[in-house]
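Accompanying notes for the structure given below.
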Amino acid sequence: MKIIKNASQMQKIALRHIKNGDEIGLVPTMGALHEGHISLIAKSVKNDDITIVSIFVNPIQFGPNEDYLKYPRPVKKDKEICKKNHVDYVFMPSVNDMFPADHKTFIEVKTLQDILCGAFRINHFKGVATVIAKLFNISCADRAYFGMKDFQQLKIIEKMGKDLNFRTKIIPCSIVRERNGLALSSRNSYLSAEGKKRSLNISKSLKEAAEDFKRRDLNFVKKTVINKLKKIPGSEIDYAEIVNFDDLLPADKNTKKAVFAVAVWIGKTRLIDNIMMIKDKDS
């Protein structure tokens, strides 16, 4: 495994592999790797000749009052995880390398970037789309692996890839959860033991909603979850919305495949989660 810290060097290495006929898989991360990331790495190692894991805490996707400075950066542990899981290259660029002072180009995926998390984290998805586009170009990846926990992010990246004709194929990967149901996230480390216990009600409520969705109307499903989330001590809901799986538009009575997406504060920690919901065929 090699550590690469320069974008030009990483691109040259990737192009050499492409020339040799190798297929490249990219797992973009901000570090603080957990079992969710490891599942993405495993898929790339299985599918691709070369696996690149990028570790870059991207400043342009954080708002002015967000957690950029305190975001966990366990670099040594992350490197060990990558090595243990057969990663070929860990790409760890500096902020100045990715976004020098004269950087002026940003990517916006209109409409999709402005709803759900985008309504609360202004310019967040502009930062995400821009850094992912750069990583696609630097890595020359044939495939890139993204977890479905960040479902809105996944849809934005899919749309960007389609609209801008990127050669990189987006591979959606299932949410990885702890045994108790909590969706794995690097920000879970912010939670106290009590906060973690309280947060379990999020995934539990969504799981019950998926069952209700099969036969109950949307308003019932949505209100039931909101009421449950409100009862979590110390919680504050940013949003709890049922949207179409394909385009994130609000679901209606004709929707057969939906996603219930939520963002909830537990104390000072903002957690997102979602669940896919499918109507019974006879409903």
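Placed from the backbone N, Cα and C atoms, the Cβ positions cover glycine too.
The active site, proton donor annotation in Swiss-Prot covers HIS37. Summarising the annotation, Swiss-Prot assigns ATP binding site to 30-37, 147-150, VAL176, 184-187. Residues or ranges marked as beta-alanine binding site in Swiss-Prot (evidence: sequence analysis): GLN61. Residues annotated as (R)-pantoate binding site in Swiss-Prot, with sequence analysis given as evidence: GLN61, GLN153.
Distribution of Swiss-Prot features across the structure.
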residue : record                    : Cβ neighbours (10 Å)
MET30   : ATP binding site          : 19
LEU33   : ATP binding site          : 24
GLY36   : ATP binding site          : 21
HIS37   : active site, proton donor : 26
GLN61   : beta-alanine binding site : 21
MET148  : ATP binding site          : 19
GLN153  : (R)-pantoate binding site : 23
VAL176  : ATP binding site          : 18
SER186  : ATP binding site          : 19
Here the Cα-Cα span from GLY36 (ATP binding site) to the residue listed as 'beta-alanine binding site', rounded to a whole number of angstrom, reaches 21
If you measure from the Cα of VAL176 (ATP binding site), which of the recorded positions HIS37, GLN61, GLN153 is the nearest? HIS37
Quick check: in three-state DSSP terms, what is VAL176 (ATP binding site)? coil
How big is the gap, in Å, between the Cα of MET30 (ATP binding site) and that of the residue listed as 'active site, proton donor', rounded to a whole number? 10
